[in-house]
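Summarising the annotation, Swiss-Prot assigns active site, N6-AMP-lysine intermediate to 249 and lists sequence analysis as the type of evidence. Swiss-Prot lists 247, 254, 269, 298, 337, 411, 417 with the feature ATP binding site, giving sequence analysis as the kind of evidence.
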């Protein structure tokens, strides 16, 4: 497929606001794609992805490299490109204008194809070490040299993972279902166990719904993790379930462990491979866990038998060098509470049976443990378990329905959580503002947004400026500086990449923001770099928490 055909289709999508029309247009486009490799790439590219989230490959191309490539191909200086970004607010549109100027004097000698873009991306992702940056710039310059102005717009946005089409996972799922006459729920399940929409589309095209139903969980391909809803209270949660399985809720990082007898891989909640950062846990898994399993659990940092704050776990996850030193400095424990695979898929079994399989697969050790669990219909026993968890330094309890299956990616009432502190929100940072006085060289406030999971759009809910130390602001400024795509006065706009956990006094209705809601007195709690943008809290959750405030007040 010519990349021009893809770009022209994206331009048409950009003008459509109706979810139903977007779904129908994408479905019709997918039906026409004959080459399976093109189909795979187009599905990912439309959703702004180059690789599935669990794939360790990444382009490693920041705005700085794009500036250099665009400067090379257009002859326009970087300072002028930055000025154009302030005018257009979108590097994709800037690239389009730059290539438009260039193409007035240059004849294209080769047409760009989707395959060529994919092959170049794969080569860029493979580059490491000395000279890799120069080679990346050369390859990017080559792509822009072949691109038409419109192709340059969407090529740039794709590299930045921000297509601006309003097409989220939900729309693409429904489009695949419509294109290849499959049940959307079957497509959803296939996606949740593979986390690869491109692969799902190819199977749907080749084998139809029957092929999708045959797709099974595979060791070393992460499964989207099941999530919990917030319970109104311990009492209401137990009442709703009648009999409940109750476990401690840990203040750590969610992990999914895959162990086939020869290799262990560990994935974070964002489905990133964090195996190399956790060599101590890997070795203990090999000693304490039977092979042929996928386990769901939480890793916590411990000191003298007490849990340490969540940030310590993240320091372990982030560490790329001197890992052995960090193992000594921040010891970890893994607490497992579920099993997804035991010599075959077992997510459709009820929790009570999965727990038995889990117990048979894990021999507890100093670092590998089973989450403590009781099954009861007594509110008093649940309260006692909750108090024990808080006394031990944990967050609260998880209350689960013993008869429930494990539904990948699902947040529902089969799992409920009760925490000691007021519920917080995990929100995407989409903008910021430079400070004043001695803080003028730091970003001092950050604009926050929740996720519309259907369209993939980020809906603003407010701005946070409190809860930061000076060290926080210095570190966050360095993190966000490369992500700035436009600036008006002191206000800047970021490529969405990071998630903040934010506390607040209450949620209010507000016409000021596209979400329709605003946070009152928001306060920064911590950076959630264990969460991807797609894992941020949704507009539905904001609405539910807004309504829950009134339920609590009535009580």
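Here the Cβ of each residue, glycine as well, is placed from N, Cα and C on the backbone.
All features noted in Swiss-Prot, drawn onto the structure.
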residue : record                                  : contacts (Cβ under 8 Å, 6+ apart)
247     : ATP binding site                        : 337, 371, 372, 373, 397, 398, 400
249     : active site, N6-AMP-lysine intermediate : 389, 394, 395, 396, 397, 398, 417, 418, 419
254     : ATP binding site                        : 225, 268, 269, 296, 297, 298, 530
411     : ATP binding site                        : 226, 227, 228, 229
Cβ neighbours of residue 298 (ATP binding site) where a neighbour is any other Cβ within 10 Å: 22
Structural state of residue 254 (ATP binding site), classified by DSSP into three states: strand
Cβ packing number for residue 337 (ATP binding site), 10 Å threshold: 24
Site diameter for ATP, Å, by largest Cα distance between 247, 254, 269, 298, 337, 411, 417: 19
Cβ neighbour count (within 10 Å, all chains shown) around residue 417 (ATP binding site): 18
